[in-house]
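Chemist: So Swiss-Prot has the following annotated:
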DOMAIN    1-229  domain 'Peptidase S1'
DISULFID  C7-C141  disulfide bond
DISULFID  C28-C44  disulfide bond
ACT_SITE  H43  active site, charge relay system
DISULFID  C76-C236  disulfide bond
CARBOHYD  N81  N-linked glycosylation site
ACT_SITE  D88  active site, charge relay system
CARBOHYD  N100  N-linked glycosylation site
DISULFID  C120-C190  disulfide bond
DISULFID  C152-C169  disulfide bond
DISULFID  C180-C205  disulfide bond
ACT_SITE  S184  active site, charge relay system
Amino acid sequence: VIGGDECNINEHRFLVALYTSRFRTLFCGGTLINQEWVLTAAHCDRKNFRIKLGIHSKKVPNEDEQTRVPKEKFFCLSSKNYTLWDKDIMLIRLDSPVKNSTHIAPFSLPSSPPSVGSVCRIMGWGRISPTEETYPDVPHCVNINLLEYEMCRVPYPEFGLPATSRTLCAGILEGGKDTCRGDSGGPLICNGQFQGIASWGDDPCAQPHKPAAYTKVFDHLDWIKSIIAGNTDASCPP
């Protein structure tokens, strides 16, 4: 996260970290949505990875830290054919449930869609410099704004984004605050509701008039709830 500060240790109990199998690299974030399920971005998938819950500092473990591996992974249309503007969402079933503890608690799914102009919080262990490979030991948090989708469509003509999509656009038009590499899959929390999953943005991050895109959680609620309920054939909205 660019332009932020260390998150309060109590404000991110639902934030999980995806690590490579030997814990060498924290490569993505995710959100615990109940005791057995994590929501993240499809582009965070890799063959072997582990999920750490209840962590704050990568160097100083919390007593209630937990580690899990994926038991099952679900994608839209159960394929990985996500594009830059569509279906960048992955639902992970943990190999065993986690109990709530001091630093672990799920975040409920949104009850209403977000509105443009909302203040949204982003968080993660991703890069804190737009140009250098500088990663923090603790998650950083910052507030940005939910913008019109057009604001993400216009600055990136090379992506050929469609006129509408199941993507949210968020950032600060003057730049300086943004998610960055390593923050993918983490939550966008608008007015206290979990509304987005960090999907993609410009490189370097946090440039003026180059906001980032977040998968819209609200549009995928039926799919998420169906999968969790055991209907594994559920398909995402078209």
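Each Cβ is built from the backbone N, Cα and C atoms, and glycine gets one as well.
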Chemist: Considering only the recorded positions C28, H43, D88, C190, which fall within 10 Å of C76 (disulfide bond) when distances are taken between Cα atoms?
Modeler: D88
Chemist: Can you give me the Cα-Cα distance between C44 (disulfide bond) and S184 (active site, charge relay system) in Å, rounded to a whole number?
Modeler: 7
Chemist: Looking at the recorded positions D88, N100, C141, C190, which has the shortest Cα distance to C205 (disulfide bond)?
Modeler: C141
Chemist: Applying a 10 Å Cβ distance cut-off over all chains shown, what neighbour count does S184 (active site, charge relay system) have?
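Modeler: Its Cβ has 26 other Cβ atoms within 10 Å.
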Chemist: Using a 10 Å radius around its CB, how many other CB atoms surround C120 (disulfide bond)?
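Modeler: Excluding its own Cβ, C120 (disulfide bond) sees 23 Cβ atoms within 10 Å.
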Chemist: What Cα-Cα separation, expressed in whole Å, is found between C141 (disulfide bond) and C120 (disulfide bond)?
Modeler: 10
Chemist: List, in sequence order, those recorded positions among C7, D88, N100, C120, C152, C190 whose Cα sits within 10 Å of the Cα of C180 (disulfide bond).
Modeler: none
Chemist: Given the active-site residues H43, D88, S184, which one's Cα is the least distant from that of C236 (disulfide bond)?
Modeler: D88
Chemist: Taking the Cα atoms as reference points, how far is C7 (disulfide bond) from D88 (active site, charge relay system) in Å?
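Modeler: Distance between the two Cα atoms comes out at 25 Å.
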Chemist: Using the structure shown, find which entry in C28, C44 (the disulfide-bonded residues) has the sparsest Cβ neighbourhood within 10 Å.
Modeler: C44
Chemist: List every residue in the same chain as C152 (disulfide bond), at least 6 positions away in sequence, whose Cβ is under 8 Å from its Cβ.
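Modeler: The list for C152 (disulfide bond) reads L161, T167, C169, P211, A212, A213, given in order along the sequence.
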Chemist: Across the domain 'Peptidase S1' (1-229), what does the mean pLDDT come to, as a whole number?
Modeler: 95
Chemist: Give the three-state DSSP assignment (helix, strand or coil) for C190 (disulfide bond).
Modeler: strand
Chemist: Are any of N100, C120, C190 (the recorded positions) within 10 Å of S184 (active site, charge relay system) when you go C-alpha to C-alpha, and if so which?
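Modeler: The recorded positions close to S184 (active site, charge relay system) (Cα within 10 Å) - there are none.
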